[in-house]
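Asks: So TrEMBL lists the following for this protein:
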DOMAIN    516-603  domain 'STAS'
TRANSMEM  112-130  transmembrane segment
TRANSMEM  165-187  transmembrane segment
TRANSMEM  199-217  transmembrane segment
TRANSMEM  246-263  transmembrane segment
TRANSMEM  275-296  transmembrane segment
TRANSMEM  367-390  transmembrane segment
TRANSMEM  402-424  transmembrane segment
TRANSMEM  430-448  transmembrane segment
TRANSMEM  460-488  transmembrane segment
Amino acid sequence: MEPNASNSMQPDHCLEITPMEVHKVVPPPHRSTIQKLKSRLKETFFPDDPLRQFKGQPLGKKWILAAQYFFPILQWGPNYSFKLFKSDIVSGLTIASLAIPQGISYAKLASLPPIVGLYSSFVPPLVYAVLGSSRDLAVGPVSIASLILGSMLKQEVSPTNDPLLFLQLAFSSTFFAGLFQASLGFLRLGFIIDFLSKATLIGFMAGAAIIVSLQQLKSLLGITHFTKQMELVPVLSSVFHNTKEWSWQTVLMGFCFLVFLLLARHVSMKKPKLFWVSAGAPLASVILSTILVFAFKAQRHGISVIGKLQEGLNPPSWNMLHFHGSYLGLVVKTGLVTGIISLTEGIAVGRTFAALKNYQVDGNKEMMAIGLMNVIGSSTSCYVTTGAFSRSAVNHNAGAKTAVSNIIMSVTVMVTLLFLMPLFQYTPNVVLGAIIVTAVIGLIDIPAACQIWKIDKFDFVVMLCAFFGVIFVSVQDGLAIAVGISIFKILLQVTRPKTVVLGNIPGTDIFRNLHHYKEAMRIPGFLILSIEAPINFANTTYLKERILRWIDEYETEEDTKRQSSIHFLILDLSAVSSIDTSGVSLLKDLKKALENTGAEAST
């Protein structure tokens, strides 16, 4: 409708209206309901369109492409050269020097026999080399998954009173973790792990790093009677209530090696070309400490050692998997949580280094590769493994070109399992604790936390909830709290979409947010609103109430200034990506409401 005429209206500025071309909106081509559904499902589950490479290819070529899709090694393997092998063998030996002490340490963190950590550094890298698509990912046990696995299983089973059952449950949890990971990739449901936002992961990783470090006080102080709980208060209480058990010999050795490892890490961070310093420091610490313990018989003076380890390759363990009984719910829950965490870490690490080298990593293929790696690992005495950031960073800096570096690392671990196991008999537990602390301290990312504070305060709250939930409640509950708050944030964004008032920038036909552009000015008689979200049944009630409130506020403000009232309401829907039937009803209701006030609505 036309605006009411008013000769006394004095606009603050004149808006020159130039003739504009009118372009008729043409309806989209007609598609049947089946075609629309097919298109929607394709965009939801197959956004990368993996079948496009098969179009127009002969049958034989399609079989080759299919084999290369499921086994990426067939894609780069035929072009592999001796020049690439020289780079891969250097990087493979380098990460092996890091993987061996870390494997032993992380197995103890999961309350598993140390030998299982080495088993898990042998078979999984071989599987990933065949199925994985990342050139830089170095797979093996990781600290966070080890912590979660051990803490969740210890809630119902004691690793000291019933070590065999605990080991069986660990392998069963690994099987279900792999099954869940592979299913996500096969069913194209990888977007589920996106609910773990960056803020959630930063808070969770920092909290878990502190919990892991506190657990190492048992080894670093030589305490024998240590709490089985993981939270901050019980651990500190246990430490200070057992001061009589502190061993000065253990404390001295732990302090010296911890300082050495932290200095090596600092040198490599300052000068990336010296990556080999931090990569070789853990193995050097193990060798040196083992020699010292053996030479001075330190195990007789309060320094605990690993003890004799079993020689030989991975024994089969498929007969140890639990698929029924009272512990089935426990292993499924543990597998689900550890599977999500390890999968998120592995894919994030793979994508990070792929971006540095300008190549693509297929997330769904990675899920299937990591999942099958864990399924096979559970049948060969391995527990949950994934791509570790520390080992992958060393692998990248050492010049790895292909996944052959994982094969080299695996062969090195195999040699260790066959011939070098007696050498670890006198390795002190305190050094393994120092190695773990040095590895997890890098998970505390303070600069990233500061950046989140500057960008989004709500994300910062989510990060703090994850952090404090982990250190004061439990690892899995802290993660669940953070994910719940993140989902609540998404629901808020859906049900409370942002609406802003637009104003004209003088001398142009550009309209911008009045709160962001000081020079933008209202047009008398016009209320221009921008809706910056899809309009659907979840937010139509809020939008109607908010728009009517915008109108009331405009009328009140104009009455105060004794200027013209609203004559036109213009809705800018350029940021609205979709609108459902409830949204259409909203526009009709708004038009009726405005007609009763004598104004006109336009979109």
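Quick reminder: no glycine exception, Cβ is built from N, Cα and C everywhere.
Note that the structure is a prediction, hence the values are computed from the model and not measured.
Could you place the listed features in the three-dimensional structure?
Replies: If you look at the transmembrane segment (275-296), the same-chain residues 6 or more away from its ends with a CB under 8 A from one of its CBs are 94-95, 97-98, 100-102, 253, 257, 260-261, 264-265, 267-269, 303, 305, 393-394, 397-398, 423-424, 426-428, 430-432, 434-435, 438.
Beyond the ends of the transmembrane segment (367-390), by six or more residues, the same chain brings 98, 102, 107, 110, 112, 116, 119-124, 127-128, 131-134, 137-142, 145-146, 149, 170-175, 177-186, 190, 314-318, 321, 338-339, 342-343, 345-347, 349-350, 439, 442 to within a C-beta distance below 8 angstroms of the stretch.
For the transmembrane segment (402-424), the residues of the chain that approach it from at least six positions outside its boundaries are 72-73, 76, 80, 84-85, 88-89, 91-93, 95-96, 99-100, 103-104, 114-115, 118-119, 121-123, 125-126, 128-129, 132, 134-135, 137-139, 286, 290, 306, 308-314, 395, judged by C-beta separation under 8 angstroms.
When Cβ-Cβ distances below 8 Å are used as the criterion, the transmembrane segment (460-488) is approached by residues 147-148, 151-152, 195-197, 199-204, 206-208, 210-211, 230-233, 337, 341, 449, 452-453 of the same chain, each at least six residues removed from its ends.
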Asks: Looking only at the recorded stretches 112-130, 199-217, 246-263, 430-448, which one has the largest tally of CB-CB distances under 8 Å to the transmembrane segment (165-187)?
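Replies: Per the Cβ count, the answer is 112-130.
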Asks: Counting only residues 6+ away from its ends, which parts of the chain sit with a Cβ under 8 Å from the transmembrane segment (430-448)?
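Replies: Distant Cβ neighbours of the transmembrane segment (430-448) are 101-102, 104-106, 108-109, 143-144, 198, 202, 205-206, 208-210, 212-213, 216-220, 222, 250, 253-254, 257-258, 261-262, 265, 281-282, 285-286, 289, 303-304, 306, 389-390.
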Asks: Quick check on the domain 'STAS' (516-603): DSSP residue counts for helix, strand, coil, in that order please.
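Replies: In the domain 'STAS' (516-603), the DSSP-based counts are 37 helix, 17 strand, 34 coil.
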